[in-house]
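Chemist: According to Swiss-Prot:
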type	residues	note
COMPBIAS	11-22	compositional bias 'Polar residues'
COMPBIAS	79-91	compositional bias 'Basic residues'
COMPBIAS	99-108	compositional bias 'Polar residues'
MOD_RES	THR85	phosphothreonine
MOD_RES	THR89	phosphothreonine
REGION	1-33	region 'Disordered'
REGION	50-66	region 'Cysteine-rich'
REGION	67-77	region 'Core'
REGION	78-130	region 'Disordered'
MOTIF	78-90	motif 'Nuclear localization signal, and RNA-binding (TAR)'
Amino acid sequence: METPLKEPESSLESYNEPSSCTSERDVTAQERAKQGEELLAQLHRPLEACTNSCYCKQCSYHCQLCFLKKGLGIWYARQGRRRRTPRKTKTHPPPASDKSISTRTGDSQPTKKQKKTPETTVVSACGLGH
């Protein structure tokens, strides 16, 4: 007598077991929840000092402090570069009294000296003779 061939039972068992897709979905949902919690924890953590002085796009988004400093272009600290000279210090030399007023005020138009030419004297002389 021949023994009948048995069908593999594993194929039937796979239909009865829950699919692995649902377990993968649960794992990814848990990972996302953990990432969200880590991000919230990082937001509430005080900012650490960053010594990166480059202003390229990659370095601007390096960390939260770099983004606040470089990415937004807003700087809340005092900047020493824009200091003006104190008012007590005189930047201009005292005006000399022998100079004319136009020279002190800085008129850019020079005064023209009129030269008498023989033609103008001849014309006026002819006018008197008539």
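For all residues, glycine too, the Cβ spot is worked out from N, Cα and C.
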Chemist: DSSP says what for the region 'Cysteine-rich' (50-66): how many helix, strand, coil residues?
Modeler: 7 helix, 0 strand, 10 coil
Chemist: Taking all residues of the region 'Core' (67-77) together, what is their mean pLDDT?
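Modeler: Here the predicted model's pLDDT, averaged over the region 'Core' (67-77), is 72.
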